[in-house]
Amino acid sequence: MFGIDLQAEGTPYKEYVLYFSLLAYVGEQYLSLRQYRKLCEPDPPKSLQDIDEVKKKFQSAQAYGKDRLKFRFVSEGFLQLQTMAYLVFDLYPWLWDVSGNWLAYAGYGEEYEITQSLVFTVLFSLLTWIMYLPLTLYNTFVIEERHGFNKMTLRLFFMDTLKGFLLAGVIGLPVVATVLQIIKWTGYNFYIYVWAFMLVFNFILITIYPTFIQPLFNKVDPLPDGPLRTEIEKLASSINFPLKQLYIIDGSTRSAHSNAYFYGFFKNKRIVLFDTLLDQVEQEEILAIVGHELGHWALNHTVKVLVISQAQIFMLFY
């Protein structure tokens, strides 16, 4: 493909990965630079220029957007350098050898390949987290704080991080082990079986996340009876959206950003509102935001994204 024989002996895979990685990085930075230039425009759209409130919000939104893009330039540049360093200096094989040495010290031989893969995954994840930690802290406690969005404390930040690591261990490591075992069992056609397994796993994860995982990080309660709940139910009913329940989530414990979304399969849909949304906008505006989310359902955007993502995963494994 494209004049590259990937089956030939001595194919320089490392160089190909480097080139494609660098090409993707340059393309993404070009798009970000275009967006940054757009954010530097001094005036809002002509149709909104006569509204004083819009001018103030426009300027604050511009400042926030530019700060986030500046951070993205730095963080993505750092990530690209990290990726290239791992490839150029063969740090992936080195980390694999370290994992094997640790297992050998513990009395496990080369036949424990899957166990070695899990150790490798843990070490790589920890190293990546440590290297990226200063940038993550800067984004949360400097940029978000500067623009009035951060509500998180250092204690809560590290508690969330610890919970994330524990969840990755409980859920992620068994998934990695299962995928590797499937590859060993099925041989050359492994990609079909791995893709099927990941498809089922994704459906299970989507199902259990709101009930079992999200409550570990946020408090989720039913939206109380009242005019807002009544109007949302009417809106959902008007387009035959199968609304099962309405929830409110305490997003304000971590951020002043607001959001709304729906989840669930078939006739078991649920809508979730951030408590910040209820504090920041009027009822009609909340209905407009919920209407936007329901529009994704009405136009089958969720199904389309799912199909496209699964096609990408299949091609990745292939």
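The count begins at 1 with the first shown residue.
Cβ atoms are placed via backbone N, Cα and C, with glycine included.
Just so you know, TrEMBL annotations are computer predictions that nobody has curated.
The Zn(2+) binding site annotation in TrEMBL covers HIS292, HIS296. According to TrEMBL, the domain 'CAAX prenyl protease 1 N-terminal' annotation covers 35-219. TrEMBL lists 223-314 with the feature domain 'Peptidase M48'. The transmembrane segment annotation in TrEMBL covers 116-143, 164-184, 190-209.
By a simple count of nearby Cβ atoms, those within 10 Å, the most crowded of the binding-site residues HIS292, HIS296 is HIS296. Here the domain 'Peptidase M48' (223-314) returns a mean pLDDT of 91 for the predicted model.
Secondary structure at HIS296 (Zn(2+) binding site), taken from DSSP and collapsed to helix, strand or coil, is helix. Under DSSP, the residues of the domain 'Peptidase M48' (223-314) split into helix, strand and coil as follows: 51 helix, 18 strand, 23 coil.
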